[in-house]
Amino acid sequence: MASRNQNRPPRSPNAKKEGLGGIPFDKRRKVETQGTGRRQAFSAVNKQDVTMNSDVGSIEDCGKVEFTKDEVLALLSERAKAGKFDTKAKIEQMTDIIKRLKVCVKWFQQADETHVQEKESLKVSLESAEQKYNHKELEARTKEEELHATISNLKENVVSLHEKLAKEESCKQDAIECHRREKESRVAAEKVQASLGEELYKVKEEKLAAKQKVTSLEDMYKRLQEYNTSLQQYNSKLQTDLETVRAALTRAEKEKSSILENLSTLRGHSKSLQDQLASSRVLQDDAIKQKDSLLLEVTNLRNELQQVRDDRDRQVVQSQKLAEEIEKYQENVGKSSQELDILIAKSGSLEETCSLQKERINMLEQQLAIASERQKMADASVSLTRTEFEEQKHLLCELQDRLADMEHQLCEAELLRKKLHNTILELKGNIRVFCRVRPLLPEDGGRHEATVIAYPTSTETRGRGVDLVQSGNKHPFTFDKVFNHEASQEEVFFEISQLVQSALDGYKVCIFAYGQTGSGKTYTMMGRPETPEQKGLIPRSLEQIFQASQSLGAQGWKYKMQVSMLEIYNETIRDLLSTNRTTSMELVRADSGTSGKQYTITHDVNGHTHVSDLTIFDVCSIGKISSLLQQAAQSRSVGKTQMNEQSSRSHFVFTMRISGVNESTEQQVQGVLNLIDLAGSERLSKSGATGDRLKETQAINKSLSALSDVIFALAKKEDHVPFRNSKLTYLLQPCLGGDSKTLMFVNISPDPSSAGESLCSLRFAARVNACEIGIPRRQTSMKPLDSRLSYG
Ligand code: ADP
Ligand code: MG
């Protein structure tokens, strides 16, 4: 630093203490070049640093003052400004300035000298520098040429790069386009993510519940696996049994048919033989008659013969007498020789008749022999026919025995069928859920385009899946069976007919219809009885029961059916078959619980339910039931108009008790079929519900949640099942759980405005569908079939 400063003008004493140290190096250099314009090249000056050190010593004598151009100009301007101050100060200032200027002038003179020397040395260095410069210029030119070449190369490069750039640009545009699209999709994805987030939250909740369920299910699964293996063994055994029984059955059937054929041919044969017998009997009778007549004739002839013989004897006696007389007369010869000749002729003719009579007797005797021969033959054929007849009779008895045997086998096969049928139902699960979606009705508003229900078509869920779309979200569900809006009443009934058969086989069966008002519960249960193809499950079940009971009558079964129908409204039972028809006033009293009839529910030890004061009808024909159904529908509709659409706010329970006795096998069955049209499951907005409506809603909510509580408690095999929490569950207690069979229809309306309620119904049904009630009885207690059948 010190060496650099030596080439600069002395600094003014007024200059800032930090001096140039405070000014950036670049600025200082600029000042130097401006201020010392005479210097040729800074580098050259630097080279002179050592030589100039001696000169600097003289500058340092001037008080080590350095000046920059600005400072000098500032000094000069200070002088110019001086006029504004008072004279004394001005003089002092001026002298100071003059002093400083003198120093400055001195420094300039010294600097001039040093500059002359500097100039010379600079000239020398300039020359060498010029040489260097020329040399460098040459180098630079060659380099420039090289550079030109490289520039042209680079230009070419640039052109190609421009092309590339253009391409890149287009690529970039594409990428931007892509990016934009991606952005859009990302926004959509974010929306989806948000909805998924919501769903995730719900799913998490469900997962929690599911986890709990999983633990209980795992436990159950283990037990079920054990049960399953034993069941599989049992099943395979049953299958082999079934196979053998089937084979035996087919063999028996073949035998039976051949025997029947035999029998019919034998019958034909026997008939012909009987005909023959009859004809031979007739012949025999004829022959006997002929024989009798011949015998009569023979006796007549014998009599005649006897007479003739007597005559002859008499004649002989006479002739002897006559001969004696002749002898007497011969003595009197000549007297009566004429008389003698006549008498001889007479005796000759008599002898002739006698021989004729003899011939005739011989002929008759021959005829008699032939007739008796014939009679003998007829007798022989009769005895032959008789033995044949006996043989046929024996064969017939044998065949009848075999037929009875076959019928017995058939009875056993029927029992086995019941057993297998029940096993199949047990394997299907003792609680099942079917979903039925009704068609869109004109009163729904006919918004066909806004379909909210879809049916998945994948093979594993076909016929079992249903999707509900609500505000863009798809909720998929699967059940044991899903009926779409096109399903007919017949198709629906076909699926439950096996359950109805179970009731006839001695099981307790409950079929519920669940769903909001207007979703098709009553249509499913009752249908439109006036049009045969729209009849509901109740009339169809009854028809099946009557038909089956009649065909089972051939196997010795006699059935007795009892029917009752009731309604539960606001936790109060109302008899729909009561003969003294309830008036509107009584209805009101019944609802407030002040009616004379109590309808108390009790269960006996055999699992039979009894409701006091309830009307129960013995029915033996479908006609009788139809009239009862009509009566019930009428008393329900009376309630509907008078009690603010009560029908949709009450549970309808149809109960049929079936008791069957087989006198030949002494078996007994007691089954129960309950068909229940539940109250509408829709939630009422709490704010709008007051008074009676609020009471109704609370009662419905209570009983429906009691029903689900019972189902879930049974599924979890809890010690306490809250049957007593509602009238409905208490009434159905023996028919829920155990080895009873439960089916729930969840009815769905496709109307978009009902989507919320439909979702609630489907969720409820899905929870019920996840339940398995009851361990199949045969698994736990391998009871013989008979004992099972003798217990209701
Ligand atoms: P809910 O008993 O659930 O209140 P309904 O059985 O009274 O409902 O049904 C409401 C309306 O829809 C009725 O007019 C009924 O005839 C009609 N309906 C329901 N299900 C069907 C169906 N599967 N086919 C034709 N019409 C139906
Ligand atoms: Mg209804």
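Using the three backbone atoms N, Cα and C, a Cβ is placed for every residue, glycine included.
Note that TrEMBL annotation is computational and uncurated.
A helical conformation is recorded for LYS521 (ATP binding site) in the three-state DSSP classification. Note: LYS521 (ATP binding site) has non-local neighbours ALA513, TYR514, GLY515, ASP677, LEU678, GLY680, PHE745, ASN747, i.e. same-chain residues 6+ apart with C-beta under 8 A of its own C-beta. According to TrEMBL, the feature ATP binding site maps to GLY515, GLN516, THR517, GLY518, SER519, GLY520, LYS521, THR522.
Residues or ranges marked as coiled coil in TrEMBL: 119-146 (among others).
Summarising the annotation, TrEMBL assigns coiled coil to 217-374 (among others). Per-residue confidence over the coiled coil (217-374) averages out at a pLDDT of 81.
Annotation source TrEMBL lists compositional bias 'Basic and acidic residues' at 15-32.
Under the heading compositional bias 'Polar residues', TrEMBL lists 33-42.
The domain 'Kinesin motor' annotation in TrEMBL covers 430-771.
Annotation source TrEMBL lists region 'Disordered' at 1-42.
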Additional residues around ATP, ordered along the sequence, whose Cβ is within 8 Å of the centroid of GLY515, GLN516, THR517, GLY518, SER519, GLY520, LYS521, THR522: ARG438, ALA513, TYR523, SER648, GLY680, ASN747, SER749
Neighbour-count leader, CB within 10 A, binding-site residues: GLN516, THR517, SER519, THR522: SER519
Those binding-site residues in GLY515, GLN516, GLY518, SER519, GLY520 whose CB falls under 6 A of ligand 2, listed in sequence order: none
GLY520 (ATP binding site) CB neighbourhood, other CB atoms within 10 A: 22
Which same-chain residues, if any, lie at least 6 apart from GLY518 (ATP binding site) yet have Cβ under 8 Å of it: SER648, GLY680, SER749, SER754
